[in-house]
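Enquirer: Sharing a structure, written as structure tokens. Questions coming.
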């Protein structure tokens, strides 16, 4: 029964990992950028929400509704001002710029909020749970996070397949020059992709902050989880990303059952195993 | 003599191809002079100065290795701290077996290479940016595994044994010379590697991998060699870090901070030039000394400078200097004079 509980909890946390990974996957798919500041952006969102809640006294749900669009706007601006410039200087430049951004964000947070661990108080919703049977109880927040992850992935999928802008985005991912020839403005399209990525990572960061404690230095480990979820699931496949997140979550949870110190190692080892024996991932995407 | 042979020999006689311009032949003596002066420092200055310089030499060695990987091999790794950690722990383990710690540094380089062979097999499955994050994950795995080994001190690390018998002043001087030797050896290795056939292959691979492959270069082998050399260099650097700090802490030696330092030194100094890491390390080290009191703001500034350099100064400081003066301390290209 404990195993079943571990699997279910792992599955639910896998949703959170998929949420972290969706933006990373999207930015890589469209612009070939691996955003090394991805995890730190989630932490920035968490601290921003914390500051807004304590500064204005607004309820948390309202703060979340403000923070996410704000991040989308921030993403659009970051792409247009910072990343677009680096794209023209070659792949190394984008990597260095996002790595530099990661260092800057971490240390600004450290100066502004100190190294203390914080939590975002989600009230009874964050701590409450319902019992499935004697051994398994499911937290409202975990379940909501998982469902939210599925909804976000469905939303991105629908956006990419059904809307004109989404089609242009896929066209740019396949061939930037040709997409430009048929009327796509790559700068604007890239901005939109980054905006979506930033919005999803903000959601992920806020959900994460409600369920566990955070401090300015945890960004890189979130990035690593997101990255592992993307590679395990298969590059370029959104549903693969969800599966990758779930596999990672379940493995970590089972590892923790054996020995709590094994949590991270178990996840990394599954990642390495996939890399060794199935480098294309569990559900390989259409585009390489 | 056929007509074509006569024409080629006349054409060949008309141009003068050599490694170095006139200025470089003179300035080639500068590094040698610098090494002689630096080697004499323990007799001239306080131990505090030489102890600080050990850090600079370690940074020079690490940055040279990263420059070799990324600037010449096109392998942008964020996981070289794996080898720093393996090297650091190797020295602890060998010293525990009774090996003289300074000699154990050489074994540490060897151990890192041994670990690099299977690691490269995994890491090379990822390309470009994904290689960067993949190497980072692998470094994390090494840290998590090492922390679980009780005989290596677990999560709290372990002290170095085997240096207690040496007088403190002599120990400081020996560590200084070993670190200087490490920095010198890493630059010399880069220079010698890049002057040869491998250097040409690497530069071709960096500029256009597919074209290099079709021109008959064994791309995988070239990258593999560079990866192993960089592992050895970082392993030796990890060993030097251990003998200078006399203990090892897993979170410190396996920290991604090392990668941040290497990257910023190389980017600020000039990626793809042997002189780049040298100049970058000196600038970085000076910033570190001046801004040490500002805590995290120093890292914020560093990150911002690195971003700015990546965007607007793709050749780094050395690139600017070279364009202005044509100076080249370690010429690996050719000059053609008509």
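Sequential numbering from 1, following the chain as shown.
From the backbone N, Cα and C atoms, a Cβ is placed for every residue, glycine too.
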Enquirer: Which is it, of B:174-194, B:195-215, that TrEMBL names as transmembrane segment?
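Expert: Range annotated as transmembrane segment by TrEMBL: B:174-194.
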Enquirer: Top stretch among B:102-124, B:174-194, B:224-246, B:258-287 for CB pairs under 8 A with the transmembrane segment (B:53-72)?
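Expert: Against the transmembrane segment (B:53-72), the leading stretch is B:258-287.
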Enquirer: Can you name the far-off residues of the same chain, 6+ from the ends of the transmembrane segment (B:224-246), with a Cβ under 8 Å from a Cβ of it?
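Expert: For the transmembrane segment (B:224-246), the nonlocal Cβ contacts are 51, 54-55, 57-58, 61-62, 64-66, 68-69, 72-73, 75, 77, 80-81, 83-92, 101-102, 104-106, 108-113, 115-117, 119-120, 123-124, 159-160, 163, 175, 178-179, 182, 185-186, 189, 193, 198, 202, 253.
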Enquirer: Where, among B:102-124, B:174-194, B:299-321, do we find the most CB pairs under 8 A to the transmembrane segment (B:258-287)?
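Expert: Stretch with maximum Cβ contacts: B:299-321.
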